[in-house]
Amino acid sequence: MSNVIAIDGPAASGKSTAARLLAERLNIAYVNTGSLYRAVALAARRAGQEMGALSPEFLNTLKLEYVPDQNGRYELKLDGSLPGAELRSAETASGASLVATQLAVRDYLLGVQRSFAGEKLIVMEGRDIGTVIFPDARYKFFITATPEERARRRLAQSGEVTDGATLAEVAKAIAERDRQDSERRIAPLKPAPDAELIDTTGFAVGEVVDYIVKKVQAGTEEK
Ligand code: CDP
Ligand code: CDP
């Protein structure tokens with residue numbers, strides 16, 4: 001069994017926020033795997049690559065590394081520097097969803113993600129952590145909220161680049177990404193059969209984190 005708390009779910013469901021706070025509460029490391037797909041999309045755009053079909057040769061030129069900060073939180077560096085706000089833009093998000101459909105990209109990122117598991121428990125958050133990356137994760141949660149609530153959350157998020165978009169536009173972009181992520185052939189977005197589903201609609205993030213902390217502390221093994 002891997003010493004991993006897997007948190008998966010659709011866009012803007014609150015995965016990253018819950019995972020970060022959970023890691024702080026448990027004093028363990030946290031890895032946001034969506035950043036990897038976002039970084040690949042960003043690098044491809046910067047290099048003028050055809051985003052719909054990235055080659056293994058191009059992927060092998062990328063320098064992606066996670067460096068821990070003083071709090072044990074891993075930050076992603078692309079070609080030696082932190083990518084900054086561009087990583088969180090709506091354009092990078094949809095590019096990430098497109099590159100994430102490709103086998104070459106998923107293969108390339110699989111090893112990077114698996115290398116995090118070790119003796120110490122960690123929190124990893126994404127779309128396929130509990131299904132593909134760590135099917136034997138010690139704990140698995142699948143976080144959701146209604147599409148309306150998720151669009152509201154993304155729009156309200158400070159530091160998130162929604163490019164002055166309206167609520168309807170944000171909702172549309174999220175719906176398109178949900179569709180692409182759920183319908184793709186490789187590692188589609190779906191709960192692992194043994195994941196605990198948490199519908200966070202109407203709940204504050206603190207309540208969600210309290211719930212997960214209790215589950216983990218109780219040692220509720222999901223497998
Ligand atoms: O990582 P993911 O895209 O799933 O979501 P996020 O980046 O964590 O964004 C969620 C936003 O909704 C943050 O601004 C949170 O403060 C807020 N939120 C939440 O995460 N969970 C709730 N139960 C309620 C609000
Ligand atoms: O924060 P948000 O939920 O909006 O997106 P993200 O977690 O940063 O992920 C960006 C995109 O990367 C997703 O829409 C997926 O297409 C892809 N992704 C994935 O395929 N597998 C993962 N484990 C994480 C992200």
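Using N, Cα and C of the backbone, Cβ positions are placed for all residues, glycine too.
Going by TrEMBL, these are the annotated features:
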- 5-217: domain 'Cytidylate kinase' (DOMAIN)
- Gly9, Pro10, Ala11, Ala12, Ser13, Gly14, Lys15, Ser16, Thr17: ATP binding site (BINDING)
Do you know which of the binding-site residues Gly9, Ala11, Thr17 end up with C-beta under 6 Å from ligand 2?
Ala11
Summarise the model confidence on the domain 'Cytidylate kinase' (5-217) as a single mean pLDDT, whole number.
93
Per 10 Å Cβ neighbour count, which of the binding-site residues Ser13, Thr17 ranks highest?
Ser13
Who sits close to Gly9 (ATP binding site): which same-chain residues at least 6 apart have their Cβ under 8 Å from its Cβ?
Lys15, Arg127, Phe142, Ile143, Thr144, Leu189
Looking at the binding-site residues Ala11, Lys15, which one has the fewest other Cβ atoms within 10 Å of its own Cβ?
Ala11
